[in-house]
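Below is one structure; the comments refer to it alone.
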């Protein structure tokens, strides 16, 4: 176990070493340093120059000080700083602090005259103190042992982080193998005009996808019972991609505020956020990665539910019992992967879309956290989908004689096929874009180094780079396929039933003003009660009510007076009984209330002469019918109550 661990650490250290250039001593080619007492030099120097040509260009600005001889040690100091002396391939002589302070003090006036600024890398307090020789004199240089040794005189030109792209130590970011380094915010592989066009394109696509996914989710909310298992996961994956489109839309609105860092020092440039440096960037990353991964998992769950319904013939209730497991896997697995990426500090800002994701510059993270889950989801989902379609095809062959069900099953299979194609095709294209990007990323990086080595003062590659940068269409297709996946859910919910549900929903929302409607109902109720009370008061002045009359009126109105009245079995044939059974007033009683009242009086007179046993037998039936009529009277409108009151009044008059 110890041997394996040491072997792994050795490979990691070898990979770290090979990612940088292996330098050695080389002859001095800078013309201003030919008169120095040494003829070999070592790069990079203390100013992070990686080539003598770049050092000569930077040193040229300080040569007026050497020409003026403002200090007797200025020429030696400049050569030791820009073109240091190299000894025995492992030792470099650099200027010391006292020499720097003496030169800076002597030449400060001339520097102001010529407008020369002292570089921050040559600050005297950053240098080591001068050594004292045995004779007591100060030595003007400090010997430094180099950490990179090469037995050959050639160079393996690699990437060294330029000063413009350096980040604060300890943040854990790395770019092209260089620690404490970050990519430029201006996208490396595209021009400025192309980046702006891509931003607008992503913003438009995010709006379209957001509208489509919200339409699917709102359709589900209108009729929740309509979308049951096995098709319920379509709603959940639609919700996931609504969040994905929302994150891209927020990134479009924020620009590069969340994905990029401002320059920390003068002379630096905007760099991409690496790691959990920004809270906004980390939040966008968590939402985007979590919901995009959850959407893929819900697609796999959808194929599983379809397979269970088509293959083993599971019912909707049986599949719904497993919903807890479906939710646990669909939300738990993306959450675990998101936390792992945050712990590993793999968050990276995207200079094109303005959001933060993973694998934009780290190929290993792209391979294991983006490409691998996407490939697994496509393979598993496609396998289950094909198995389910084959099961449905066997069922269709069994029911060949049932043309109606066979036609329904055929339409369902076509619907599943089209929906799955609309989902799988973008995922396959997106997977192809990731694989193509992973295969050509190293060539694009070498091309970028060759084009910007002079600008950033980093070593240029000695090998010709024939590989061109990526085309704009590649990134447009990648972002389009990422967002268009959510639009496929609209196809599944698009039907005549959806149109009718939305029409009825909009019709309900366009009802009359509720305040005006309530006022109208209240006014009609008040008019009815006022009219009814006036009639009751008018009749009470001219007629004396008796208990017998009160019982007749109470029965016609469907109320109880608390007094028991003998009831005959012929009560079922009265108009009042028919109204109780049918919950409405008969047309005969409405058109001729006096006639119905006379019939009620005659039947009531016949019931008085009936025997006691009949009274006892019909008492329960009468009470139940009266209670049902009392319940139905609450459902009558004011107009129907008015007609019933007129009938009761006529009944009372005829009785008298």
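Backbone N, Cα and C define each Cβ position, glycine as well.
Residues or ranges marked as compositional bias 'Basic and acidic residues' by TrEMBL: 631-642. Residues or ranges marked as compositional bias 'Polar residues' in TrEMBL: 645-656. Summarising the annotation, TrEMBL assigns disulfide bond to 25-86, 33-79, 100-124. According to TrEMBL, the feature domain 'FZ' maps to 20-133. The domain 'G-protein coupled receptors family 2 profile 2' annotation in TrEMBL covers 198-501. Residues or ranges marked as region 'Disordered' by TrEMBL: 587-656. Taken from TrEMBL, the feature signal peptide applies to 1-19. Under the heading transmembrane segment, TrEMBL lists 200-222, 234-255, 283-311, 323-345, 365-392, 412-437, 472-493.
A map of TrEMBL features onto the structure.
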residue : record         : Cβ within 10 Å
25      : disulfide bond : 21
33      : disulfide bond : 24
79      : disulfide bond : 25
86      : disulfide bond : 23
100     : disulfide bond : 23
124     : disulfide bond : 17
Quick one: of the disulfide-bonded residues 25, 33, 79, 86, which has its CA closest to the CA of residue 124 (disulfide bond)?
79
What Cα-Cα separation, expressed in whole Å, is found between residue 25 (disulfide bond) and residue 79 (disulfide bond)?
16
Could you tell me whether the transmembrane segment (472-493) and the transmembrane segment (323-345) have 3+ CB pairs under 8 A, leaving out pairs under 6 positions apart?
no
For the transmembrane segment (234-255), sequence-distant contacts whose Cβ falls under 8 Å of one of its Cβ atoms, 6 or more beyond its ends:
199, 202-203, 205-207, 209-210, 213-214, 216-217, 220, 227, 280, 284, 287-288, 291-292, 294-295, 298-299, 302, 330, 350, 353-355, 479, 482-483, 485-486, 489, 492-493
Per-state residue totals over the domain 'FZ' (20-133) - DSSP helix, strand, coil:
53 helix, 13 strand, 48 coil
Cβ under 8 Å, sequence separation of at least 6 from the ends of the transmembrane segment (283-311): give me the contacting residues as numbers and ranges.
229-234, 236-237, 240-241, 243-244, 247-248, 250-251, 258, 318-319, 326, 329-331, 333-335, 337-338, 341-342, 347, 355-358, 373-374, 377, 380-382, 384-385, 387-389, 391-392, 395, 416, 423, 427, 482, 485-486
What does the structure give for the C-alpha distance between residue 79 (disulfide bond) and residue 86 (disulfide bond)? Integer Å is fine.
12
Cα of residue 33 (disulfide bond) to Cα of residue 86 (disulfide bond): how many Å, rounded?
13
Cβ under 8 Å, sequence separation of at least 6 from the ends of the transmembrane segment (472-493): give me the contacting residues as numbers and ranges.
190, 194, 197-198, 201-202, 205-206, 208-209, 212-213, 215-216, 219-220, 227, 231, 234-235, 237-238, 240-242, 244-245, 248, 292, 295, 352-353, 415, 418-419, 422-423, 426-427, 429-430, 433-434, 436-437
Local confidence of the domain 'FZ' (20-133) - pLDDT mean:
82
Cα distance (Å, whole number) from residue 86 (disulfide bond) to residue 100 (disulfide bond):
20
